[in-house]
Amino acid sequence: MTAELMIGTDLAAEMVAKAAERAAALQEKYGVQPCLATVLVGDDPASATYVRMKQNRSKKAGIGSRSVVLPAETTTDELVAEIRKLSEDPEVHGILLQHPVPAQIDERAAFEAIDPGKDVDGVTMLSFAAMALNDASDPGFRSATPGGIMRLLAAYDVPLEGAHAVVIGRSPILGKPAGMLLLASNATVTYAHSRTRDLPELVRTADVVIAAVGKANFVRGDWLKPGAVVVDAGYNEGNVGDVHFEEASEVARLITPVPGGVGPMTIALLLEQTVDAAEAQLGQCPGS
Ligand code: NAP
């Protein structure tokens, strides 16, 4: 079997084009340009690249960007103070704190300094609870990568109801919320992590596999059930995913490429949610 590719690039471009139209409408109606603030702590080159990509895409979508770059030795209090300033700034509609932050920082405290109404990357406890409770009430933003994955699965008509989904990884920004969103779509969800026993055996029972580990080529082709749907959220040095692509595409029915699969969907959802946030802050029902 040679798997069909689940390509995020075109779908993401459509999402960004729609977000751009809505951003232009806000500019025309209220004279306000939606603005995404990015916060980067330290000088990790990969993080700096991700932030730059998000700013470039924002610009293309007519979304303004504000960039805050802080030194690696920043303390939790200093970071929290910077984020609070953005939370209180009426010209900023969405806030993204680039993950991971240096080890001395309490990342949770920093995330919680984001006004939930501006949490367009879906990292606050409120957004997390909204995903866990499957509650669509405001603000309740989706974590950008899991939300992007769900949009990709929907676009390729992947049946989730009753399907067994194995999520490998349980980070609060990716694995955990991905599992919660799959559960909300009536999948039967198993989380795997670094202490899981017999991982290949477990993965062989999955109709849908979400790989969110951060280890290059970790999931092998002979771990997969023939016909499985494989979503590779990993992004490792040299543009390599967490799934051994060549092996997996011989067994899977559908598979995301790296790059061009989950990555563009993450940015598209972030921009879409920035426009949602701006609309809500201007008193307009998001998407109306
Ligand atoms: P993370 O915080 O390091 O979490 C990794 C998870 O993998 C943890 O839950 C860990 O388990 C689990 N794990 C580690 N070794 C394992 C093993 N041998 N067997 C099973 N599970 C294992 O990473 P993350 O932030 O979630 O990111 C994961 C990957 O996604 C990275 O490659 C990252 O670059 C990528 N990513 C991509 C996007 C995108 O837009 N495409 C966005 C975010 C992240 P424990 O909990 O037990 O430690």
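The backbone N, Cα and C atoms fix where each Cβ goes, and this holds for glycine too.
Curation does not apply to TrEMBL; its annotations are automatic.
Now, the feature entries from TrEMBL:
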type    : residues               : note
DOMAIN  : 8-121                  : domain 'Tetrahydrofolate dehydrogenase/cyclohydrolase catalytic'
DOMAIN  : 143-281                : domain 'Tetrahydrofolate dehydrogenase/cyclohydrolase NAD(P)-binding'
BINDING : Gly169, Arg170, Ser171 : NADP(+) binding site
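Structural mapping of features recorded in TrEMBL.
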residue	record	contacts (Cβ under 8 Å, 6+ apart)
Gly169	NADP(+) binding site	Gly175, Ala192, His193, Ile210, Ala211, Ala212, Val213, Gly214, Ala233
Arg170	NADP(+) binding site	Lys176, Gly179, Tyr191, His193
Ser171	NADP(+) binding site	Ala212
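Excluding Gly169, Arg170, Ser171 themselves, the residues of that chain whose CB lies within 8 A of the CB mean position for the NADP(+) site are, in sequence, Val167, Ile168, Pro172, Leu174, Gly175, Lys176, Tyr191, His193, Ala212, Val213. Secondary structure counts, DSSP: the domain 'Tetrahydrofolate dehydrogenase/cyclohydrolase NAD(P)-binding' (143-281) has 55 helix, 24 strand, 60 coil. Across the domain 'Tetrahydrofolate dehydrogenase/cyclohydrolase catalytic' (8-121), the model assigns an average pLDDT of 96.
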